[in-house]
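A.B. asks: First the structure, then my questions, so here it is.
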Amino acid sequence: MPLSYAGKAYALLERYNVEDYDLVKIITEKGEIVGRIMPRPSIFDDEHVIIKLPNGYNIGVNIGKISEIKVLEKAYQREEAIPEVEFRENLPYIPFIVTGGTISSRVDYRTGAVRAYEKPEELLDLIPELADIANIKYKPIFAEFSENLTPSHWKKMAERASEELNSGARGVVIAHGTDTMHYSAAALSFMLMNLRKPVVFVGSQRSIDRPSTDAVLNLIAAVKVAAQSDIGEVVITMHGSPSDEFAWVLRGVKARKMHTSRRDAFIPVNSPPIAKVTREKIEIMSKYRKADESSRVEFDGRIDERVFLLYTWPGMSPDIIESIRSLGYRGLVIAGTGLGHTPSRIIPSIERLVRDGVPVVMTSQTIFGRVNLRVYETGRLLLKAGVIPGEDMLPEVALVKLMFVLGHCNEMECIREMMLRNIAGEISSSISMRDFPPCWVMR
């Protein structure tokens, strides 16, 4: 395979007849390093080479410290064939919809290349237990980092999920990057009307080639929920602890990624987990909408993307609100402080925004708890200005919901009524002290 390196690194590798993905032994003054030569990212300098170690981790080696390179094995151009998996009549059909993210790719250790799965056999070769749970069919629709997804991608996911569910699938698993998974899960919760089958989002914090990967348990749990549970909602299934003990099943509109790198980064917010899944069983923990395999799902992709999510901060200027109005946004979700407050100096600008027909919804930066605008004077002034209380909705969920509502309503009263209506479980009738995260962490 050709070299992706440039400059000094290219000259060194060419001298030893090394190409991308070759297995090499690098000799330095401190010892020997064995691994695959990985392609050079475009942002890297020309004084380092990237090596993938046998344990799956990548390291950079300064070329100035390399005394010799020995090629142990040239890169393979193709992989060995993986036997096809036979369809089993006694198992349900579960489409595996792939959108991208860490969980939908793997490292080929014979070449060192990172690439997406292309067929279910590859996934089953890695996790053979899945073949005993369901007949899985691979359904890639795009391959994007989740931070690059847009509402148009949400529509594609929802439309494909509805098509599969209405064509005989017992449930759907959606492989998704973790960074914005809760946005997509919320979007599908609103767009899939009359949903009575499981739609399960799954991801992984750590690549499946790493020894500490969370992908295996997450995938087993997700497929079990889609194939064996009677849940009829959009859910997120991810690790429930740092170890490989179990995974949570979390309502799609009541979950959030709360850690940058922990395997148990997703936790329920203002709501208990629906279930706890181990390799052996699904343990139900709270109420949920029951599945009904005879019902048909209706895809409703009518949304208006022109909604702004604004976090307030001490000292913020009213000019921020004025600029939102001048930029043509049709809705504003505010993540206020505490019970749902903003600096009083910006309230007149908020009132003008509402008067101009732009709905303003209040949520809280605290994430946990419910907005209450009737306790303090600031909240009462916000109510008087026409702000819609976001109840206990997450700011991100309120953002997605307001996009959905604006796709269906133009009149302020209709918008207010829909925002305050519990459509997909996004508004809790009550919140228990047991729903605060430390209570779940200790279990």
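Glycine residues also receive a Cβ, built from the backbone N, Cα and C atoms like all the rest.
TrEMBL does not curate its annotations; it predicts them automatically.
Pulled these from TrEMBL:
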ACT_SITE  THR102  active site
ACT_SITE  THR178  active site
ACT_SITE  ASP179  active site
ACT_SITE  LYS257  active site
DOMAIN    19-72  domain 'GatD N-terminal'
DOMAIN    96-287  domain 'L-asparaginase N-terminal'
DOMAIN    306-419  domain 'Asparaginase/glutaminase C-terminal'
A.B. asks: Return only the integer: C-alpha distance in Å from ASP179 (active site) to LYS257 (active site).
C.D. replies: 7
A.B. asks: Per DSSP, LYS257 (active site) is which: helix, strand or coil?
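C.D. replies: SS state of LYS257 (active site) = strand.
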A.B. asks: Just to confirm my parser: what is the rounded mean pLDDT across the domain 'Asparaginase/glutaminase C-terminal' (306-419)?
C.D. replies: 98
A.B. asks: From the DSSP assignment alone, can you count helix, strand and coil residues within the domain 'GatD N-terminal' (19-72)?
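C.D. replies: Here the numbers are 3 helix, 31 strand, 20 coil.
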A.B. asks: By Cβ count within 10 Å, point out the most packed of the active-site residues listed: THR178, ASP179, LYS257.
C.D. replies: THR178
A.B. asks: From the Cα of LYS257 (active site) across to the Cα of THR178 (active site), what is the distance in angstrom?
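C.D. replies: For THR178 (active site) versus LYS257 (active site), the Cα atoms are 7 Å apart.
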